[in-house]
Amino acid sequence: MSTTTLTRREQRAKAQHFIDTLEGTAFPNSKRIYVTGSQHDIRVPMREIQLSPTLIGGSKDNPQFEENEAVPVYDTSGPYGDPEVAINVQQGLAKLRQPWIDARNDSEELDDRSSAYTRERLADDGLDDLRFTGLLTPKRAKAGKCVTQLHYARKGIITPEMEFIAIRENMGRERIRSEVLRHQHPGMNFGARLPENITPEFVRDEVAAGRAIIPANINHPESEPMIIGRNFLVKVNANIGNSAVTSSIEEEVEKLVWSTRWGADTVMDLSTGRYIHETREWILRNSPVPIGTVPIYQALEKVNGIAEDLTWEAFRDTLLEQAEQGVDYFTIHAGVLLRYVPMTAKRLTGIVSRGGSIMAKWCLSHHKENFLFEHFREICEICAAYDISLSLGDGLRPGSIQDANDEAQFSELHTLGELTKIAWEYDVQVMIEGPGHVPMHMIQRNMTEELESCHEAPFYTLGPLTTDIAPGYDHFTSGIGAAMIGWFGCAMLCYVTPKEHLGLPNKEDVKQGLITYKIAAHAADLAKGHPGAQIRDNAMSKARFEFRWEDQFNLALDPFTARAYHDETLPQESGKVAHFCSMCGPKFCSMKISQEVRDYAAAQAIEVGMADMSENFRAKGGEIYLKREEV
């Protein structure tokens with residue numbers, strides 16, 4: 001029975017079973033490896049795909065094989081991808097970064113929560129059954145201290161997080177010796193800096209320049225360090241979160257784990273339903289990747305969904321609440337200014353961003369400037385105290401092809417550039433959010449405008465969707481735009497699922513969105529010429545030409561679907577060693593024919609060579625031994 005036919009109670013029970021039985025799991029024929037850094041507790045996880053040997057000759061009784069190197073790949077699954085790690089969602093993940101945070105001695109534990117709302121929730125006994133039991137005592141910067149990775153980078157300090165990232169971004173490609181696998185086409189990088197080897201110093205320099213961010217709240221020590229920047233691998237974000245009509249805590253934790261398994265580099269919790277606070281705590285304590293939020297959503301819930309009733313005080317309390325839970329980055333729609341709202345009146349689809357529409361309504365109802373803009377420096381002070389990165393929201397992004405690249409969109413973008421410089425005054429890390437719905441020929445301008453207006457801060461886009469005619473397939477329409485803008489320099493792509501514009505995504509939708517966007521991100525890395533990006537493609541092509549079916553499945557982004565499609569028509573074990581598939585059959589397989597041509601050409605070359613030598617022998621008189629002067 002599919003999840004779409006399950007009742008709400010059945011869906012929740014299924015999610016609870018998933019959590020209760022959760023174990024570390026490796027992909028088929030893969031194993032978890034750890035690459036160590038300069039200190040013993042820097043252990044960077046990667047997945048190594050084991051490959052079978054290639055048959056190169058010999059006889060049936062005595063075949064000769066050539067080994068194929070294992071292929072290391074980037075792994076976002078954290079402890080969930082390691083069969084040796086015991087998983088207990090009730091206890092949460094190990095606090096990987098806690099020793100590094102403590103060693104810096106620039107933060108301190110709080111005696112009480114700073115948020116009045118958090119204190120109210122903790123005092124409510126009726127929430128005991130929902131509450132995560134292993135609550136952390138929150139930390140914040142000591143007086144006069146700054147705890148951000150940008151602050152350290154500007155001081156010339158290479159943190160353990162930066163070294164971890166350098167190792168991770170290299171993807172273990174130094175382990176590969178095969179020239180066939182190492183071959184790579186030169187890319188077109190549009191001005192990106194892509195060194196052959198990423199060093200901790202390079203990471204530090206990129207962060208110091210504001211070209212990259214490391215989302216790493218000191219209250220989320222469970223997260224594995226990662227980086228977002230155009231001079232690094234293109235990253236993918238997955239959105240999860242409940243709504244007023246569907247989903248539960250169990251289902252959101254399940255979606256979190258599922259997202260990291262299928263390659264989410266970060267996850268945004270966009271919950272708008274009941275128990276937002278409790279749901280987020282469960283997610284953070286069990287997340288190996290950075291978690292982002294849109295705080296205005298929860299602030300709106302606190303005023304019963306009435307945008308006009310929002311206040312700076314309620315929003316500030318929400319920031320403190322989420323900061324002390326461990327949220328790694330905030331989307332803040334501070335660029336939706338009162339004077340920009342009329343620009344959207346002539347649009348076909350108006351303001352489609354939830355956060356943007358909330359702030360636009362507030363501005364119009366009070367005829368005041370956006371309080372997020374007015375209080376932006378105070379927002380930066382909060383972020384600096386916990387190392388929360390800012391994701392400056394594109395509240396005026398286009399919601400249709402017709403509205404792409406209009407005055408409202410780019411006016412807001414220019415304001416985001418001004419806000420970026422203010423955030424940098426506080427050593428707060430910044431990335432910029434982008435559209436939206438943009439046809440292919442108008443996408444590159446978005447990237448060039450962002451780099452110029454926002455001082456090369458990382459760009460983070462939703463797609464963009466390249467056409468509006470395909471509800472149910474918007475992971476395709478947006479995946480096209482995502483691949484293009486990733487190539488042009490976008491640092492992180494926010495996935496779109498098949499349910500976009502239609503409903504809240506379920507577990508399978510999350511997977512489909514992530515696979516689509518991992519394809520887009522990887523295609524962008526290839527096009528940029530990112531060092532090592534082609535290794536997996538080369539390994540796949542070699543396996544395909546040699547009819548190593550098991551290796552083809554295991555090298556795929558989704559081994560299970562690849563195997564299932566193959567086995568629909570050739571389910572027998574013999575089909576997995578056959579030199580053909582059901583598309584062409586045994587007589588018309590182009591690769592089989594190519595192999596035969598290659599073998600024939602090699603045999604012909606030997607025959608021609610022997611004939612040449614024979615003719616040469618006869619031309620020299622047919623003597624077995626030549627005279628010294630003839631040698």
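Including glycine, each Cβ sits where the backbone N, Cα and C put it.
Binding of substrate is attributed by Swiss-Prot to MET268, TYR297, HIS333, SER353, ARG354, GLY355, ASP394, GLY395, LEU396, ARG397, GLU433, TYR460, and the same site annotation extends, among ASN231, ASN239, ASN242, ASN446, to ASN239. Packing around ARG397 (substrate binding site) is summarised by its Cβ count: 27 other Cβ atoms lie within 10 angstroms of its Cβ, all protein chains included. Fewest Cβ neighbours within 10 Å among the binding-site residues TYR297, TYR460: this applies to TYR297. Of all the binding-site residues listed here (TYR297, SER353, GLY355, ARG397, TYR460), SER353 has the Cα closest to the Cα of HIS501 (Zn(2+) binding site). Put simply, the two farthest-apart Cα atoms among ASN239, MET268, TYR297, HIS333, SER353, ARG354, GLY355, ASP394, GLY395, LEU396, ARG397, GLU433, TYR460, the recorded binders of substrate, are 20 Å from each other. Contacts of GLY395 (substrate binding site) defined by a Cβ separation under 8 A and a same-chain sequence distance of 6+ are given as HIS333, GLY335, VAL336, ILE351, SER353, GLY355, GLY356, SER357, MET359, ALA360, GLU412, in order along the sequence.
Under DSSP, ASN239 (substrate binding site) is assigned to a strand (E or B) in the three-state scheme. Of all the binding-site residues listed here (HIS437, HIS501), it is HIS501 whose C-beta has the fewest other C-beta atoms within 10 angstroms. Sequence-distant contacts (6 or more apart, same chain, Cβ under 8 Å) of ASN239 (substrate binding site) comprise VAL267, MET268, LEU270, CYS494, TYR495, PRO505.
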